[in-house]
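Q: For Gly84, 87-88, Ser92, 94-97, 112-120, Ser124, the entry in Swiss-Prot reads 5-phospho-alpha-D-ribose 1-diphosphate binding site. For Gly84, Asn115, the entry in Swiss-Prot reads anthranilate 1 binding site. Marked as Mg(2+) 1 binding site by Swiss-Prot on the basis of sequence analysis: Ser96, Glu230. Here Swiss-Prot flags Arg170 as anthranilate 2 binding site. Taken from Swiss-Prot, the feature Mg(2+) 2 binding site applies to Asp229, Glu230, supported by sequence analysis.
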Amino acid sequence: MTSSWPQLLELLLRGGELEDDQAAALMQAWLAEELEPVQTGAFLAALRCRNYRPVELAAMARVLRAASPLPCPRPALPLVDTCGTGGDGADSFNISTAVAFTAAACGVVVAKHGNRSASGKVGSADVLEGLGLQLQAPLQQVVGALEQAGITFLFAPGWHPALKSLAPLRKCLGVRTVFNLLGPLVNPLQPDAQVLGVATEDLLEPMAGALQLLGLKRAVVVYGHGGLDEASLSGTNQLMVLEDGQLRRDQLDPQALGLALQPIDALSGGDLARNQTILKAVLQGQGSQAQKDVVALNTALVLWSAGQVSSWREGVQQAHDCLASGKPWQRFEQLAAALTPVGG
């Protein structure tokens with residue numbers, strides 16, 4: 001990279017785009033703590049103030065992935081992730097977490113990458129820990145759970161220690177930055193397929209383009225009706241679909257799949273205790289019809305991404321049958337056992 005940091009900042013402030021090597025160098029400088037906090041804050045603000053670019057996101061994600069080497073060989077299994085950007089402010093229950101266990105119970109091997117909530121709501125890590133999942137299990141044990149339980153949970157801080165130095169600045173800024181978008185792109189197990197929810201429609205194409213550049217085989221990026229960062233039951237959802245290396249726009253209408261329209265507040269979560277209650281009930285085949293329907297709808301996207309079904313409708317039916325059996329909760333119990341400390 002021949003440009004100086006002020007030159008790159010000026011480029012961004014004029015609405016320009018970083019090239020692959022420039023974006024990678026910026027991320028490497030952040031990780032090495034080479035920039036002053038005021039410079040980092042300026043870059044984060046400049047990136048945020050115009051549309052994110054797929055090339056930038058993919059380049060930064062590659063650097064972060066390289067900084068988080070696996071402690072053991074990756075299992076030779078086709079893996080799917082269900083991590084989204086968060087930030088929709090809808091206070092819905094942990095839909096993507098329920099989807100992960102439902103998809104696993106349908107036979108998809110799921111490597112879910114997640115964290116605690118950064119917004120004061122309840123994140124996937126918060127609710128899973130509350131239900132008894134060990135978040136601090138040795139990394140080899142986390143990877144091994146894929147073959148034991150067909151699903152694992154990668155607690156982001158344990159896999160990306162290099163980001164710890166940036167945490168105080170991100171907290172001080174108090175706004176969402178490019179790092180919120182990179183979270184779903186830096187699963188250390190590098191899944192083959194992914195369903196990724198975004199909280200604003202303008203993120204559909206950048207995130208889908210980044211997944212394409214990162215070499216995923218199949219993926220669905222979804223912007224939910226009403227502003228959810230997952231498929232919603234309140235109306236038609238907007239999708240970007242990656243298949244055979246090509247991107248296309250699509251829509252997902254729950255009514256066309258036989259699901260009743262529901263207001264967004266039918267999916268509300270609440271505090272940690274209520275989120276735990278809802279998640280356990282849904283995984284056991286209970287919960288409200290709206291809760292089960294939205295999990296089935298989003299699970300259908302995962303099943304398609306994994307190549308297990310050929311249509312959204314087929315995926316919804318398979319997910320509903322699985323939920324009714326209570327098998328998703330059995331997957332949770334299997335994962336909890338797989339992550340229990342040896343001798344614990």
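Glycine is no exception: its Cβ is also placed from the backbone N, Cα and C atoms.
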Q: Of the binding-site residues listed here (Ser96, His113, Asn115), which is spatially closest to Asp229 (Mg(2+) 2 binding site) when Cα positions are compared?
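A: Nearest in space to Asp229 (Mg(2+) 2 binding site), counting only the binding-site residues, is Ser96.
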Q: Using the structure shown, find which entry in Ser92, Ser96, Asn115 (the binding-site residues) has the sparsest Cβ neighbourhood within 10 Å.
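A: If we count Cβ atoms within 10 Å for the binding-site residues Ser92, Ser96, Asn115, the smallest count is at Asn115.
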Q: How many other Cβ atoms are found within 10 Å of the Cβ atom of Arg170 (anthranilate 2 binding site), counting all protein chains shown?
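A: For Arg170 (anthranilate 2 binding site), the count of other Cβ atoms within 10 Å is 18.
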Q: Glu230 (Mg(2+) 1 binding site): which of the binding-site residues Ser92, Ser96, His113, Arg116, Arg170 is the nearest Cα neighbour?
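A: Given the candidates Ser92, Ser96, His113, Arg116, Arg170, the nearest one is Ser96.
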Q: Between Ser96 (5-phospho-alpha-D-ribose 1-diphosphate binding site) and Asn115 (anthranilate 1 binding site), what is the CA-CA distance rounded to a whole number of Å?
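A: Cα to Cα, Ser96 (5-phospho-alpha-D-ribose 1-diphosphate binding site) and Asn115 (anthranilate 1 binding site) are separated by 12 Å.
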Q: Could you tally the C-beta atoms, other than its own, that fall within 10 angstroms of the C-beta of Arg116 (5-phospho-alpha-D-ribose 1-diphosphate binding site)?
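A: Here the count is 16.
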Q: Nearest of the binding-site residues to Asn115 (anthranilate 1 binding site) by CA-CA distance, picking from Gly84, Ser92, Arg170?
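A: Answer for the nearest of the binding-site residues: Gly84.
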